[in-house]
Structure formats: structure tokens, C-alpha cells
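J.: Starting off with a structure, shown below.
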Amino acid sequence: MAHHLGSFSGMIIMSCFADIFGRKLMICLANTFLFGANITQPWAHNFFLITFLRYLNGLSGTVAYVSGFILVTEMVQPSKRMTVGFSVSMTYMVGEYILDLIAYFARDWHELILYTSAPIGINLLSWFFIPESPRWLIVKKKFSKAVDMLNKMADVNGAKVQFDINSIACCIEERHQISFLKSIKSVITSKQMFIRTLILSFNWFAVTLMYYGISMNVGKLGGDVYVNIAISTSVGMLGEIIALLASYKIGRKRLCISYMIIGGIGCLLTILPSLYGQK
């Protein structure tokens, strides 16, 4: 409960501060707090301290994940964002495989936390390697840094183009630069946007409830818990691949509706084994 409450808080914090301080800073700060929260848990024996650390884990993990997701999608052109977004989701599934493997050999939860915290410690060095989003730099009118980043990207990709401050400064329109509070106000005051936001919010609520409800009860199924988690992760990865391929064919709206219907029917059918499985 504390972890998910932290995730909820992390989404609010990320949406407020990522546009102010940049994606790179939020990622590095979140990784620092995430590493500190995780590495402290094995020695925490107070209930309230453990609850706070779990809350901090959910908060910082969400900020790091979402900020990183935004960063990589802003580094590519709009036509490639869907592929990049699904690629990020695939790394989530790979992480579940690795976690399952580590948990198989490290049966003590103290050791498991320490082992899984090691990659986060390495991520603390990401400040020296990951770039800032050029789109964020341009919006914040940090044109010199944006030019350096764009030219470096062009060199890496073998593109024969050079950017300068004048070429990107003219692309910025003041009417596109609105504050976070104004963007919230525009969503509330626009009837169409408000209704769409409510629908998508309920959609996300239902998907999250179903996903975590199933994932957290995989251990209650019959058989080996580690095999069950591996199978569950494989199903999730297969869903990601199908979603990526289908999104280019039928579009995201039809895909979302189809997945919601199939998922809902699948959850309802789980009643049958409970009612008739032992007869």
C-alpha cells in the first residue's frame, strides 16, 4: 500500500518538476533516493521506518521510470516514439526475468534487496553519461546546450546537418509555452479534454488494478512460484510484442478497446476454475 501511494505521489511530483528542472536531474535524483531507500531496508526494524522506505521506493522508482520514458521518447522523431516506448516497456519485462532468477538463488529477502539494489547504485553514475532532452532545452531557451546536443546526435546518426542557435530559436512559439497550472486549467475548462481525461484515467485505473491484482497473486497458483512468475512475465512480453505490431495496423484506440475487452473476459473466466475446478 505504501509503495503504491508513493507511486501516486511520484507521478504528481514528476509532472510538476520534470518540466521545471529537466528530465536528467529528476532521473538522477530519483535514482539516488531509490538507492538509499532500498539499501536501507534490510536494516530497518521499525514498522513506520519500513513503511516510509517503501513509500520512498514507490515515489522515486516512478519518477525515475517515467522521467526516463519521457527522455527517450523526446530524443526521437514522433514517428518512432511508439517503437521506443514499447522498447522501454520490454526492458521492464527483462527486469522481471532477472528478478525472478536472482530471487531463485537468493531466498532471503534481505539479500534479494541488496542484490537488486546494485544496478541502481551503478545508475548513480548516469549523470555523466545521459544527455538532457533537447526538446526541454529548446523550450527553456537554453539554445546553446540544445545546439551542442543536436549536432552531437546528428554526428552519431551520420546526418549531414548542422544546427545553430538561429535555426532552432525561430521554431519556438510563445503560445506553446504554458505553465503546469495553466495546462491543468485548460484540461478542466475544455469539456472534450475533461471527458477524455476522465475516461483514460478510469481506463488506467482498471488496467493497473487488473495487472497488479494478477501479478501479486501469481504466487498463490499451484506449482513452483518462480516458474509461475516466469510464465506470467512471458505472457506480458508477448502482449507487448503483439501490441507493438498491432498498433501500426489497427491504431491505438481500437487496440486499447480490444485489449480491455479481452482482458475483462479473461478475468471473468477465472471464476470458472474456482467454481468447478475441484469437482
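Yeah, the Cβs are placed from backbone N, Cα and C, and that goes for glycine too.
According to TrEMBL:
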type	residues	note
DOMAIN	1-279	domain 'Major facilitator superfamily (MFS) profile'
TRANSMEM	12-35	transmembrane segment
TRANSMEM	47-72	transmembrane segment
TRANSMEM	84-106	transmembrane segment
TRANSMEM	112-130	transmembrane segment
TRANSMEM	193-214	transmembrane segment
TRANSMEM	226-248	transmembrane segment
TRANSMEM	255-276	transmembrane segment
J.: Can you see whether the transmembrane segment (193-214) and the transmembrane segment (255-276) are touching - at least 3 CB pairs under 8 angstroms, only pairs 6 or more apart in sequence?
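T.: Stretch pair touches.
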J.: Does the transmembrane segment (12-35) reach the transmembrane segment (112-130) with at least 3 CB pairs under 8 A, where each pair is 6 or more residues apart?
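T.: Result for the transmembrane segment (12-35) with the transmembrane segment (112-130) is yes.
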J.: Who are the chain neighbours of the transmembrane segment (226-248) in space, where the CB to CB distance is under 8 Å and they lie at least 6 residues beyond its ends?
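T.: For the transmembrane segment (226-248), the list is 82-83, 86, 89-90, 93, 96-97, 100, 103-104, 214-215, 218-219, 255, 259.
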J.: Other than its close neighbours in sequence, what residues sit by the transmembrane segment (84-106), given a CB gap under 8 Å and a spacing of at least six beyond its ends?
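T.: Non-local partners: 68-69, 72-73, 75-76, 112, 115-116, 226, 229-230, 233, 236-237, 240, 243-244.
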